Ligand code: SF4
């Protein structure tokens, strides 16, 4: 008898998704379980979360970081020895960030997670809108990414967090791996490997790295997680968009391409790390943050040199 394509392969209830890379149709319950199982496996394999840890989650209010926080709270929320703290950075992107912060506030209040909000205005005495309006050599995303990363790391250090979770999903990681291949940038590629302890830098964790972007979106929808789906007005990184289209096209014609790219990278990265040891960590002579040069990238972008 022909298989009913709209039925869940695990329980025969109505399917809400077909995963071409696994060949499975899944209902709401089994889809959510599949995502959570992959997240747990990623954490167990890559991030050795011990007892009495404080885990910081970088929360923008967008789908990826909201889903990461929601699932982590589901997995660890009942453990008394672990504390989750959400950190939101207000970069000063008019309308867009104000709206996404409201989603971040709603989620943290719904699930009862402590929420800290820090702004570029307070920390750097400027905003991304102001920086973007000036004459500049880099794209707005370079300023935003570097300054936000630096600020989130410092807040996480200040609150004594052992880990810093970000919402990067499978698509983000496959795109970054491909972009680094295209640019021949091996050193940058190694930075995607599971983190090691370095003084002054909080260990990073990406529990959604095995979850395709469309599944993150669907997980948020079926679990009623409040997420901001609007797009940042500065989001026009040309190369990443080209790579995204190319990988999406490949994925459609050859399901599993993004997983294969990531799997190949995971096998290679240990060997590469031996050939290209990471640079020694120093302290920025201006702000004191950990970096590999005398002055960190954030201070250089802010013109403090
Ligand atoms: Fe910042 Fe660029 Fe992301 Fe906008 S798209 S939030 S500018 S990194």
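Using the three backbone atoms N, Cα and C, a Cβ is placed for every residue, glycine included.
Among 35, 89, 137, 146, only 89 appears in TrEMBL as part of the ATP site alongside 58, 59, 60, 64, 167, 172. Residue annotation for ATP gives 58, 59, 60, 64, 89, 167, 172. The furthest Cα pair among them is separated by 20 Å.
According to DSSP, residue 58 (ATP binding site) is assigned to a strand segment.
It is 172, among the binding-site residues 64, 172, whose Cβ has the fewest other Cβ atoms within 10 Å in the structure shown. Shown in sequence order, 150, 285, 286, 288, 289, 291, 295, 297, 298, 300, 304 are the same-chain residues outside 284, 287, 296, 299 whose Cβ sits within 8 Å of the Cβ centre of the Zn(2+) 2 site.
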